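Feature list (source: Swiss-Prot):
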| type | residues | note |
| --- | --- | --- |
| DISULFID | 3-27 | disulfide bond |
| DISULFID | 6-13 | disulfide bond |
| DISULFID | 20-48 | disulfide bond |
| DISULFID | 54-75 | disulfide bond |
| DISULFID | 76-81 | disulfide bond |
| DISULFID | 99-124 | disulfide bond |
| DISULFID | 117-146 | disulfide bond |
| DISULFID | 150-172 | disulfide bond |
| CARBOHYD | 157 | N-linked glycosylation site |
């Protein structure tokens, strides 16, 4: 199988077709949006993916302090695989739970704050790793926050970029209940 491969800021990118390695049997498009108020940016990634990563379909992480990270994964059997657009953000109220919150880029050791969970968010996610780019050093990242359900991610998930994206931690736990102050 061959798929379009490209990465860019925004909603589109110039792609080239490349052969995929097993077990990456599907073409896919990943849209990412990262917002740390008042700054927000989106990126697009077209690539070869394993069917296990395609099953993830979407993720939404509430990092707290009006910050979030969300992604949409759309896979198909054709070389050209257009992604789905982001819907508007849902309006949801705090639900009495909290998690550690971090959006750490360029470091795996970031200072934590409390992320107040909203709506159906009752789980805490903790993801850390390194992204290898054509820079003098790897880009480290550490993301913690509230999620509605635990994604089926593990350290063994392979993508076409296995040599460029190194997950070192994937944890999902129950959120803590806020104890009302007297």
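Just so it is clear, glycine is given a Cβ too, placed from its N, Cα and C backbone atoms.
Each residue contributes its Cα atom, and for residue 48 (disulfide bond) and residue 27 (disulfide bond) these two points are 5 Å apart. Looking only at the disulfide-bonded residues 3, 6, 124, 172, the densest Cβ neighbourhood within 10 Å occurs at 3. Neighbour counts of Cβ atoms within 10 Å were compared across the disulfide-bonded residues 20, 48, 146; the minimum falls on 20. When the disulfide-bonded residues 3, 13, 172 are screened for a Cα within 10 A of the Cα of residue 75 (disulfide bond), none qualifies. Here residue 81 (disulfide bond) is positioned 12 angstrom away from residue 54 (disulfide bond), judged by their C-alpha atoms. Sequence-distant neighbours of residue 13 (disulfide bond) (same chain, 6+ residues apart, CB-CB distance under 8 A): 6, 7, 44, 46.
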